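Read the structure below first, then the notes.
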């Protein structure tokens, strides 16, 4: 950084300190704010709590300050909610007031400042985008149209693992093959396309760019420059890299998928009775003037991240827990063999008749919640919550992981025990009917992908357990399940090697 930039930063820092002191005095008189650590001018609580605002660190703060707390992160107010009652207020009772989204400097780049659906502010644009995306992606008709493809992709995973001699001996990193499966599941829906193998050059390019996008967006490393604008010059290279990755991804989506589908549509007109893939519906909305070309591309951006990665993380967590709990794996296999018959492959309609499989999926989503803080909410205007004033444009985090892992609310929550969803928690569902358990959120800004994720999880985990005995690699009694948290993500730190011994029927 050159000398002039350093001088400008120091001058801005001095001016901001004076301004922050004056503003804090004025605001202190106006608001009854939630409890939290005492902030200092400019930096707020950043020097005390740091950049790593993962679900476990926020849980520790909630134990100190209560079910609602306020962190002043530089110029941003961050409100953390850690009780079912307050979660209901944010997500349901005051769903309109807290229904907007806050973005940071990196997500502004990757979403075109909210031209997508997931990160746009609450209002007419969000309602329009939600409506346009619901029909081609998030209905039972879509499930019935594409479930045969999901079953075929799961069968292909089983076949490929069986063909790999290393799988039954030293083991393989099965996640790599499951990643291809998830891309094919979603690209069938989006573009009526699939990739033939893990070595497909286009798949490799897409996977690499999506992976880099996730790494950059989910990192805590850039928080300081987002929280404290006067430090943003230090992020210049980071933000430049984000823009480069974003531009490459958007261009790839356009050149290889959206424009290709446009060509098919222009040469082969489809009537309303023919099955269309999702992008056909979205392009129709563009032709009607409801959305623009950028909106189309950012919808594709959302699906590449939200639908593919989160479901893949959950599959990986579920397999890891079954490997580390062989008695649960055996019990699940017994249910599949008994109810379907040995060797009879599970299909989507079977999932609803397999209560223990459903319990395994629910327990995976409880203990290893892929989005443990949900996607952040925001109130556009001053609001009230839990008897406290919440200043306008506060970032609201619901610690959904703690709601589902609080020992005051759950029996031995640290244990992976699917039986809880057949016994004391038998009435709890993943759709948000109980505010202690919100793996997909609830209300206006809940994740609509639940309708796709649950059957894909059931089919995939079911097929693997039916066809293989899943074990740790030789010399290990368990596989590593250390976590890696992100801005609001939770996935397994190390992609484990797993032995998959084929069963004989």
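Indices start at 1 and increase along the chain as displayed.
Glycine is treated like the rest: Cβ placed from N, Cα and C.
If you check Swiss-Prot, you get these features:
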TRANSMEM  3-23  transmembrane segment
BINDING   213, 214, 215, 216, 217, 218, 306  (E)-cinnamate binding site
BINDING   447  heme binding site
**Message:** Of 215, 216, 217, which is closest to residue 447 (heme binding site) if I measure between C-alpha atoms? They're all binding-site residues.
**Reply:** 217
**Request:** Can you check which residues sit near residue 214 ((E)-cinnamate binding site), meaning Cβ under 8 Å from its Cβ, same chain, 6 or more apart in sequence, and list them in order?
**Result:** 305, 309, 486, 489
**Complete:** One residue among the binding-site residues 213, 215 has the fewest other C-beta atoms within 10 A of its C-beta, namely 215
**Asked** Are there residues of the same chain, six or more positions away from residue 216 ((E)-cinnamate binding site), whose CB falls under 8 angstroms from its CB, and which are they?
**Response** 106, 238, 241, 242, 245
**Prompt:** Just how many other Cβ atoms lie inside 10 Å of the Cβ on residue 217 ((E)-cinnamate binding site)?
**Reply:** 22
**Request:** Using Cβ-Cβ distances, find the residues under 8 Å from residue 218 ((E)-cinnamate binding site) that belong to the same chain and are at least 6 apart in sequence, listing them in sequence order.
**Result:** 486, 487, 488, 489
**Request:** Return the residue, from the listed binding-site residues 306, 447, with the maximum count of other C-beta atoms within 10 angstroms of its C-beta.
**Result:** 447
**Fill in**
In three-state DSSP terms, residue 447 (heme binding site) is classed as coil
